[in-house]
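Taking it in order: structure first as C-alpha cells, then the write-up.
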Amino acid sequence: MTFFVPSHSRPERLVTSNVFGMTTSAAVPTGSEGAITARGAVTERLVEANRRYAEAFTDPGMDARPVLHVAVVACMDARLDLHAALGLELGDCHTIRNAGGVVTDDVIRSLTISQHKLGTRSIVLIHHTNCGLEALTEDFRTELEMEVGQRPAWAVESFRDVDQDVRQSMQRVRTSPFLLHTDNVRGFVFDVRTGLLREIDPS
Ligand SMILES: [Zn+2]
C-alpha cells in the first residue's frame, strides 16, 4: 500500500496521501517532498516540531477532567480539525477518533472511562461527508484474509448512508449498559467543503 502519493492537483507545498480513498494533506516545506517519503522522515519532522513546541510550553496546571464535561467521538479524517471546527480549547474535552467515528467496543471503553472516572456527561458524535468508509465494503475483510492469511476479528463498519450511520452510532451509545449518561447524545455530519455541521435527527 502506498501512503504518500504525490498529488498533481494540489498546491506545490502540499503532499497528499491516499489511504483507501481517505485523502489527507499536510503542508511541508518546499523542497522536502522527496525526503518526506523516506522511511522515518515524517516522524523526524514531528519530533523536531515537538522540540520547538516544548521550548515555548508552560505547564498549564490543568486537571485531567475535561472542562466542558464533554466527549467528542469523530472520524480520524485529516480534513476535520475538531478543535477549530467546534471552538474547543486545550483541556475542554475528550477526543476519541477512529476510521468513520464509529462507536465500536473500544470507543465504548473510552467513553465509559471518560464518564465514570473523568466526569464527562455529554457526548457529541461527528461523522462527515466524503468519508473513506463509504468506498469500502465488508469484502475488505475477505481481501485482507486472501492477502495475509488471517481474517480480522473486527468489522470494517463501512456504510452507504452517512445519516443512518450517525443514527446507528447514537443508538449504540444510548443502549450501552456501561455509560452513566446516555440522554445527552447528539450526532452530526461535518461537511468537508463548507465546514458546517448538520445535526442528525436520532429517530
Ligand atoms: Zn471519515
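Glycine residues also receive a Cβ, built from the backbone N, Cα and C atoms like all the rest.
Secondary structure at C131 (Zn(2+) binding site), as computed by DSSP, is coil. Summarising the annotation, TrEMBL assigns Zn(2+) binding site to C75, D77, H128, C131.
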Cβ-Cβ neighbours of C131 (Zn(2+) binding site) (radius 10 Å): 24
Spatial neighbours of C75 (Zn(2+) binding site) that are distant in sequence (at least 6 apart) but have CB under 8 A: R97, N98, A99, G100, G101, I126, H127, H128, C131, L133
